[in-house]
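**Q** Next up is a structure, given as structure tokens.
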Amino acid sequence: MHLHKFEKIWLVFGMASLVLFLLIIGFAAFWKGTHPQSHIETIDPQNVEAHEAFKPENLGLREVADGKYTVNIVASAFNYDFGTDADGKAVKKIRVPKGSTVLFQITTKDVVHGFQVAGTNVNMMVEPGHVSRLETVMKNTGEFTVVCNEYCGVGHHQMFATVEVYE
Amino acid sequence: MAKEKPKQATKSNDSDINLKGTFISVMLVGIFILVLWFGSYALFLSR
Amino acid sequence: MMLKNYNFPKKDARLYMSFMYVTFASLLVGGLMGLLQTLSRSGEFQLPFGINYYTILTVHGVILGLVLTTFFIVGFQFALMGKTVGLSDKQRKWAWIAFWTMLVGTIMAAVTILIGEANVLYTFYAPLRAHPAFYIGLALVIVGSWIAVFTNFRQLYVWKKANPGQKSPLLAFMVVINMAMWFIASLGVAISVLVLFIPWSLGYAATINVLLSRTLFWYFGHPLVYFWLLPAYMAWYAIIPKIIGGKLFSDSLARMAFILLLLFSIPVGFHHQLTEPGIDPTWKFIQVVLTFMVVIPSLMTAFSIFATFETTGRRLGHKGLFGWFKNLPWGDVRFFAPFVGMVAFIPGGAGGIVNASHQMNSLIHNTIWVTGHFHLTIATTVILTYFGIAYWLVPHLTGRRLTPRLNKLGIIQTIIWTVGMTIMSTSMHIQGLLGGPRRSDFSNYAGGEQVQTWISYQLAQAVGGTILFIGILLMIYIFIQLAFFAPKGVQEFPIAEEEVDAEPTPKILENWYLWIGITIALILFAYTIPMIDIIKHSPPGSLPFDWPIGRS
Ligand code: HEM
Ligand SMILES: [Cu+2]
Ligand SMILES: [Cu+2]
């Protein structure tokens, strides 16, 4: 098969660009560990409380070391359970200082949900039987809306929370 | 892949037909892809 | 190629037109839903009669994403086969069986959705459970399309027997590639629906393996989008050159591109599952690499198209670096509509590379960026090319003519679509980068600045959506004119010819055993180990959930 000279140059250029993209994301993924969320841990969706992280008293934000936090969440249609505050009220907003390292751990009791801290790279699918887990550094200050971004039923758009990153 | 054919058979695909405009056009497409990709990657890194 | 300017026999034309009627009826219904979605999401309007947002979104996704596309493609491909290799009486009968099976399935699924028993969206993710009739309807659509697949295979086979040693007509070759891809891919969703969903929705199986069902769906879901795109590529490679007065750029390169599309369209489904738990990230990355391979035939296509334009223009005597471009037949809607589609594929395809870039996927996953992306690819590139085909195919089938007035309306239609889609899709892309979610009715969430910004983009989408809906109404008007009222005449069925002195096409390009063999090998490579992993490490299954989608 005969290729025009320019087509050869174009295809080499195009393929080189693709290889460059793959090298960049491959390097970041395999050397720096920035894979997309791929936590391989299963759980019984009908008994998520059996898992240490999802016991009612362990839900919500916890500072585990200086500048290091864990957030445990149980999703269900149409709510994120971040635990309760001192007054026994459901937590709808968590606050962390800028630059802190936060580990989000979440699972679902019922259907598939999404968990995105909009405006950050925290974006994961939450599926029954699986634990989703992602650690990230909160680089930027601001109020970030947590949204369920996978359709979970007719109340899907009412499933939200807030993460505030302060100076 | 194919065996090279005698001269007259390849006229229409010959490298001397003028495809300069085509080349410029596809390279612009390529540059657009690169700009969009690196822009998105920068946004990803900044978050 | 023979018979090009003769109309089909009535019996054949009726068959192909039946698919077109369903296509354009779907466009009207689905487009109306799209309009209602954008209006509802603007926050300024409420859906009347207490209709649920997710009911109309399910209608929109199923009717436009699955029904319109499949009917148009099967009908168009039958017409291409009929023109290039012929249709026997027996094959025509099977084609009708395919049509009716698909139609019955469509009606079953549509009724189930409309009565609110299937608010599961077109991806029907478990463990949300729709009424069984929804899944059975979808299964029928797929089975009907398989009948079309094997009828098309048979058509080429019979032709080959009658023309030993000749290469198959390019368009017939392309149709068979697309149908081979579709068949191999739809096995995944068929297994999912028949083995996992139907027994579970009927209550025979207590639980369902959610991750397995999703993996089977996306094994099908990516080739699905290529199934939509390939008929557009057929028109770009083999029909548009004729319309602009040129010849095929290269028969071999066109076939090569289609083969690469067959090879690399299927083993890539994980790029839709990049942020899911339960899949090994190394296998995700391997499928990302394969996804990048499927970009290559599109790079080839970009070159071929520009080169066709340039060679044609230069041969017609247009001078200078871009004289060929200025002198393209801008006033001919059969060219202009697909051309806009080609342009839209530049941002569409480039955006796709971003989406598939492994960890970068979390920038946009399930945000409204994705909706913006596929309204460029499918709802502009593909749809405008389909429209571009319909402008000549419909009158060719009805024995009428595309009059200058209808041609002009077509140009206006294309411009309206371009304007509406630019507004809607751009604002979706931006809102998505700002984190706004897809598949979501209007919501103030927790309030605040971020949400206010999202809402302002949703208003822009309502403006774009309204313009688009006007475009749909105009298209329906043009279709009705072409089908029933345009003056009688002969409308050309444009098929580009090879250069008289073109290089012969290598025989190996038609070695089906080789290409299908490699396709299957690649699928086994990409999926076997992760599939075993998924099954071996599966968690307790999921019970069905009816109440979240409003079923009791
Ligand atoms: C009047 C023209 C159109 C408008 C206003 C429109 C609008 C929309 C909107 C606003 C959404 C997203 C809603 C959401 O995520 O909540 C959507 C989704 C979608 N649209 Fe369109 N659209 C139009 C035409 C089309 C066409 C022509 C096609 C395909 C041929 C199409 C295919 C889809 C698909 C497959 C979805 C995804 C549904 C889902 O996520 O479940 N649309 N459309
Ligand atoms: Cu949701
Ligand atoms: Cu895909």
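Glycine too: its Cβ is placed from the backbone N, Cα and C atoms.
Sharing the feature lines straight out of TrEMBL:
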DOMAIN    C:19-484  domain 'Cytochrome oxidase subunit I profile'
TRANSMEM  C:21-39  transmembrane segment
TRANSMEM  C:51-82  transmembrane segment
TRANSMEM  C:94-115  transmembrane segment
TRANSMEM  C:135-158  transmembrane segment
TRANSMEM  C:170-198  transmembrane segment
TRANSMEM  C:218-240  transmembrane segment
TRANSMEM  C:252-270  transmembrane segment
TRANSMEM  C:285-309  transmembrane segment
TRANSMEM  C:374-394  transmembrane segment
TRANSMEM  C:415-434  transmembrane segment
TRANSMEM  C:454-480  transmembrane segment
TRANSMEM  C:512-532  transmembrane segment
**Q** Out of C:51-82, C:94-115, C:218-240, C:252-270, C:285-309, what stretch is closest in contact terms to the transmembrane segment (C:135-158), meaning most Cβ pairs under 8 angstroms?
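**A** By Cβ pairs under 8 Å, C:94-115 leads among C:51-82, C:94-115, C:218-240, C:252-270, C:285-309.
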**Q** Which residues of the same chain, at least 6 past either end of the transmembrane segment (C:374-394), have a Cβ under 8 Å from a Cβ in it?
**A** 16-17, 20, 23-24, 64-65, 69, 72, 76, 79, 225, 228-229, 231-232, 235-236, 239, 333-338, 340-342, 344-345, 347-349, 351-352, 400, 402, 406-407, 410, 413-414, 417-418, 421, 424-425, 428, 475, 478-479, 482-483, 491-494
**Q** Would you say the transmembrane segment (C:51-82) and the transmembrane segment (C:94-115) are in contact under the rule of three or more C-beta pairs closer than 8 Å, pairs 6 or more apart in sequence?
**A** yes
**Q** Going along the chain, which residues at least six beyond the ends of the transmembrane segment (C:218-240) come within the CB cut-off of under 8 Å?
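**A** Contacts with the transmembrane segment (C:218-240): 69, 72-73, 76-77, 80, 123, 170-171, 174-175, 177-178, 181-182, 184-189, 192, 248-249, 254, 257-258, 261, 265-266, 268-273, 291, 294, 301, 304-305, 308, 335, 338, 341-342, 374, 377-378, 381-382, 385-386, 388-389, 494-496, 527.
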**Q** So what's the average pLDDT for the domain 'Cytochrome oxidase subunit I profile' (C:19-484)?
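**A** When the pLDDT values over the domain 'Cytochrome oxidase subunit I profile' (C:19-484) are averaged, the result is 95.
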**Q** Can you name the far-off residues of the same chain, 6+ from the ends of the transmembrane segment (C:415-434), with a Cβ under 8 Å from a Cβ of it?
**A** 38, 340, 344, 351, 363-364, 367-373, 375-376, 379-380, 384, 450, 453-454, 457-458, 460-461, 463-471, 474
